[in-house]
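Pulled from TrEMBL:
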TRANSMEM  21-38  transmembrane segment
DOMAIN    25-485  domain 'Major facilitator superfamily (MFS) profile'
TRANSMEM  84-107  transmembrane segment
TRANSMEM  114-136  transmembrane segment
TRANSMEM  142-170  transmembrane segment
TRANSMEM  182-201  transmembrane segment
TRANSMEM  207-228  transmembrane segment
REGION    252-279  region 'Disordered'
COMPBIAS  254-269  compositional bias 'Polar residues'
COMPBIAS  270-279  compositional bias 'Basic and acidic residues'
TRANSMEM  296-317  transmembrane segment
TRANSMEM  337-354  transmembrane segment
TRANSMEM  361-378  transmembrane segment
TRANSMEM  390-415  transmembrane segment
TRANSMEM  427-449  transmembrane segment
TRANSMEM  461-481  transmembrane segment
Amino acid sequence: MRAALAPGVRLLRALPRDSRYRGLTLVLTFLSYTSYHLSRKPISIVKSQLHPNCSALGPNPHNDSNSSTWCSWAPFDGDNYKELFGALDNAFLVAYAIGMFISGIFGERLPLRYYLSGGMVLSGLFTALFGLGYFWDIHVLWYFIVVQVCNGLVQTTGWPAVVACVGNWFGKGKRGLIMGIWNSHTSVGNILGSLIAGAWVSSAWGLSFVVPGIIITTVGIICFFFLVEYPEDVDCSPPLHHVMTISEKDPEAVTSNEGPLGLSGQSSVDHSHSPKEPAEEPEAISFLGALRIPGVVEFSLCLLFAKLVSYTFLYWLPLYIVNVAHFGAKEAGDLSTLFDVGGILGGIFAGLISDYTGGRATTCCVMLVVAAPMLFLYNHVGQNGIGTSIAMLIICGALVNGPYALITTAVSADLGTHESLKGNAKALSTVTAIIDGTGSVGAALGPLLAGLISPTGWNNVFYMLIAADVLACLLLARVVVKEARGWCGSMARKRGY
């Protein structure tokens, strides 16, 4: 006797063909970028194991020496271990920042499926090579530096590729809350990376890298076999990337109709990767021309400082918890995931508020202003009990990652409605490269500065982060004033003035 058709299969069959493939694209791209961040997280968890507090473990069992670093992993067993950790972070992030400026160019010229899956396999290889240094008993700094540089370069394949794939399947009408949820892949990857790395950090820290490397490689292979780049490839209807709507006739309607959140986080892909190009391709804008577009410089520099704060927490929070709260490496890694839980909530909250008010810059500025005193409080009272730590980590994660998530998902959509960019796909790609590349520079600077400043005390690191938040807010002042004037003008018109 044959069983009835599985409920899940019946549900899939009930969905339209286009919806099934769009759902598959969302799931695969979500898993892809989750695995990218999953493979970046282990280094922050393993730092505390590379230079642990050996005195707590007792005397050196191999000899009578009273060295306090006998259990540390050379070359990170010296007093300059924090600077060396900063060098590791900087090697990855500088390579990532440089690669991001050119990665989009390759992504536009290569098949996305090959580009994404190939980058994921290479990312898995270099992630695993870092962990194999444990099993091969490698104690040469340059080995780990070179591996980090190579990994930083190949990891730039992720964002342009997933953005392009989502942009090919979803048009302008498919934005809003769904993008806020989809964009949580960053925090989900950080959380999973912390948990997976923490499982082996105290026993065999090499597996903290090898296992994530295998995971991202596996997801890359799955994408190679199942990812569909364009709807036309499976006889699905392409989305409407550019239609004549009210928003084109009334510039003020753009904000309310489009919302701040782009499905890919960078609406340039909606144009630049549209399967159907207009009859006359617009002339590409120059780099300087893109900088002259109102808002590009402000949001780019704001993202630089916002990403500086976010990535400093990403790479240094577990070590800070170990040093200040005196938790073990695994417990610190697990606790640090709460910062990313807050990041998920903050990203969705920022998107919803910005969508409702139409004030991208104002939303970012308010969250950054509130984040500064919260960071100060976390440093001074955040370790006064597990309950306080949990609450402060979630709040700080929401306030720090909210503006970062909002900028990366909203700015390109806003600029895509600007009159000087309408229909110009190459201009949008250039603007996206400027914003993301500038933000990646901040991501490289944050952990480096933390490595240089932390020997003078963790208080100074937090003062640096607070200053970065304040600068990010100040850089948006002109755009905030412009938004406020727009609101005042709108209210005056409604009152009949």
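Glycine is no exception: its Cβ is also placed from the backbone N, Cα and C atoms.
A TrEMBL annotation is a machine prediction, not a hand-curated record.
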Two-stretch contact, the transmembrane segment (207-228) and the transmembrane segment (337-354), at least three Cβ pairs under 8 Å: no
Ranked first among 21-38, 114-136, 142-170, 361-378, 461-481 for CB pairs under 8 angstroms with the transmembrane segment (182-201): 21-38
Seg_contact(the transmembrane segment (461-481), the transmembrane segment (114-136)) with at least 3 CB pairs under 8 angstroms, min sep 6: no
Surrounding residues of the transmembrane segment (361-378) on its own chain - C-beta under 8 Å, 6+ positions past either end: 260, 295, 298-299, 302, 306, 309, 346, 350, 353-354, 392-393, 395-396, 399-400, 402-403, 406-407, 462, 465-466, 469-470, 472-473, 476-477, 479-480, 482-484
Contact between the transmembrane segment (114-136) and the transmembrane segment (21-38) (3 or more Cβ pairs under 8 Å, separation 6+): yes
Closest-packing stretch to the transmembrane segment (337-354), where packing means Cβ pairs under 8 Å, from 21-38, 84-107, 142-170, 296-317: 296-317
Cβ-based contact of the transmembrane segment (21-38) with the transmembrane segment (296-317), 3 or more pairs under 8 Å: no
The domain 'Major facilitator superfamily (MFS) profile' (25-485) [mean pLDDT, rounded to integer]: 79
